[in-house]
Amino acid sequence: MERGNGTSGAGGGAAHVSPYCGDLLVDLHDVYVHYHGYASLLVCAFGSVANVLNIAVLTRKEMVSPTNAILTGLAVADLLVMVEYVPFAYHMYLRPANYPRADRFSYNWSLFVLLHSDFSQAFHTISIWLTVTLAVWRYVAVVHPQINRIWCRMETTLSAIALGYLVCPIICIPSYLSFNLFSRVETLDANGNRPASALQSALRRANNGTDAHTGQGAGGGGFSISTSGGVGEVGGGGNDSGGPLRNVTLYYVNVSDLATSTYLADINFWVYSVVIKIIPCVALTVLSLRLICALLEAKRRRAKLTGSGRKSADKERQTDRTTRMLLAVLLLFLITEFPQGILGLLTLLLGKRFFQDCYQNMGEVMDMLALVNSAINFILYCVMSRQFRNTFSLLFLPSWISKAESQALSHGNPTTTQVTQV
């Protein structure tokens, strides 16, 4: 995702036609960036409420299970990502155009941007870890039921969740070390903005790739650079108030000296694109496809043994729901995570020019995809898990609605199904 309020330091040159992505991507980015703040706040608001509801439902006594424990850990990680993204979105995209540069690039706000990147990267990685863990647990339960009670009992599950919360922040250490705060003294007017003459100079430097803030991901989306310390603003204010000028120390997030003087930047991209993105995508794809094949095979065997009785029909519907949910989770995960891994890998292979022309112009889109992925699970559970719907109704809907829904379900199907396990 995007961490943006500073200088890229990556050479550039004058405006050019991208050899990789063309001017269309730049134009689309310039349009979308004006709406990203509002869109991300809407997704974060919905996702935060949805994940609170997930936690409330999944931690009920009747819902306690190893699978639901993983889903709860996943909801906590997603909730923290979205709650933390709200002040970042406001600061980066919703500040007024005349917001003082002295405040925008103050030490506190720049430190927040730096910590936001590290925090969101770590917790989005935890979310990825738990999604793959969920697929492993479900695969073992269906394909190897004889060892399920040993490998996937509650104690083992809680250990796997705790391991994810401990290991993932460690995996992200190269990211933490790759960026740092840098200070720079600038001459500002009485309003805390650049005088008009200084602003023109800043614009020229920005066109040469030397005056923008380095950015990295709020939801683990990557290493994009915001070339505008906010929406539609490069230098922060262009008013020439005519008041006294003053020297002010501003702070920027930029690539650390350690990253530029060693192979840390390359290591960071390798870890991000391959370890955090591509390997989990491949693992989840293989596990999900094998699990779907196993479910379909079990469905065929059951049909041969039991014929077309009511109990067999119930089992088939449960299998179909599980298969659809697995496909939905798989497709959503691949759509949101795999492109980020591929873009990171292409940056390693094609170099800085690809990063500037393509990757950084997709920063906000990757942020949005990651946020949607964190917010959408509630809808999947409601659509595909009857027990989740029943428990949610008992908790949050008026009693007469819950009772009517329960009676309708009982008349339609007297059996009680467990939460569809991803």
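Heads up, the Cβ atoms here are built off N, Cα and C, so glycines get one too.
Going by TrEMBL, these are the annotated features:
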- 50-381: domain 'G-protein coupled receptors family 1 profile' (DOMAIN)
- 35-57: transmembrane segment (TRANSMEM)
- 69-93: transmembrane segment (TRANSMEM)
- 113-137: transmembrane segment (TRANSMEM)
- 158-179: transmembrane segment (TRANSMEM)
- 269-296: transmembrane segment (TRANSMEM)
- 325-348: transmembrane segment (TRANSMEM)
- 368-384: transmembrane segment (TRANSMEM)
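Between the transmembrane segment (368-384) and the transmembrane segment (269-296), fewer than three CB pairs separated by 6 or more residues in sequence fall under 8 Å, so the two stretches do not touch.
Proximity of distant same-chain residues to the transmembrane segment (35-57), defined by a Cβ-Cβ separation under 8 Å and at least 6 residues beyond the stretch ends, is recorded for 63, 71-72, 75-76, 78-79, 82-83, 85-86, 89-90, 92-94, 231, 364, 367-368, 371-372, 374-379, 381, 388, 391-392, 395-396. Distant neighbours of the transmembrane segment (158-179): 3, 69-70, 73, 77, 114, 117-118, 121-123, 125-126, 128-130, 133, 214, 216, 223, 253-256, 258-259, 264-265, 267-268, 271-272, 275-276; these residues of the same chain sit at least 6 beyond its ends, with a Cβ under 8 Å from one of its Cβ atoms. A mean pLDDT of 82 is what the model gives for the domain 'G-protein coupled receptors family 1 profile' (50-381).
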